[in-house]
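Input: a single structure, listed below in structure tokens.
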Amino acid sequence: MAIIASTFGTGLSYAGELPFKPVTGGEVGRKQQRMVVVRAEGGGGINPEIRKNEDKVVDSVVVTELSKNITPYCRCWRSGTFPLCDGSHVKHNKANGDNVGPLLLKKQ
């Protein structure tokens with residue numbers, strides 16, 4: 001899995017062509033549009049090697065100050081309610097033979 005572009009402080013590092021048109025000296029006063037695109041490369045799976053002997057990798061963290069008893073956070077990046085999990089990993093796991101699951105924050 002590789003990251004195509006990422007930001008560091010106020011700078012921008014990237015691989016490939018810029019996804020925006022940079023502002024040049026003749027375009028003073030125009031706002032510069034910036035976009036960072038991050039894309040996973042490789043096979044269809046999100047989890048290539050972690051705990052592959054389990055049907056679904058789910059980790060739980062106990063936290064004392066939460067408003068709900070349990071809060072699932074997405075780790076497959078496919079949730080329509082990101083960063084919260086909506087169960088999209090189930091379809092992804094079936095289609096790709098993967099075993100990614102949510103991070104569960106539990107109230108103590």
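Every residue gets a Cβ built from N, Cα and C, even glycine.
What Swiss-Prot records for this protein:
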- CYS74, CYS76, CYS85, HIS89: [2Fe-2S] cluster binding site (BINDING)
Query = Using the Cβ centroid of CYS74, CYS76, CYS85, HIS89 as the reference point for the [2Fe-2S] cluster site, which residues of the same chain not in that list have Cβ within 8 Å?
reply = PRO72, TYR73, ARG75, TRP77, ARG78, SER79, ASP86, GLY87, SER88, HIS92, VAL100, GLY101, PRO102
Query = Three-state secondary structure of HIS89 ([2Fe-2S] cluster binding site) from DSSP?
reply = helix
Query = So for CYS76 ([2Fe-2S] cluster binding site), how many other CB atoms are inside 10 Å of its CB?
reply = 20
Inquiry  = Among all protein chains shown, how many Cβ atoms are found within 10 Å of the Cβ of HIS89 ([2Fe-2S] cluster binding site), not counting that one?
reply    = 26
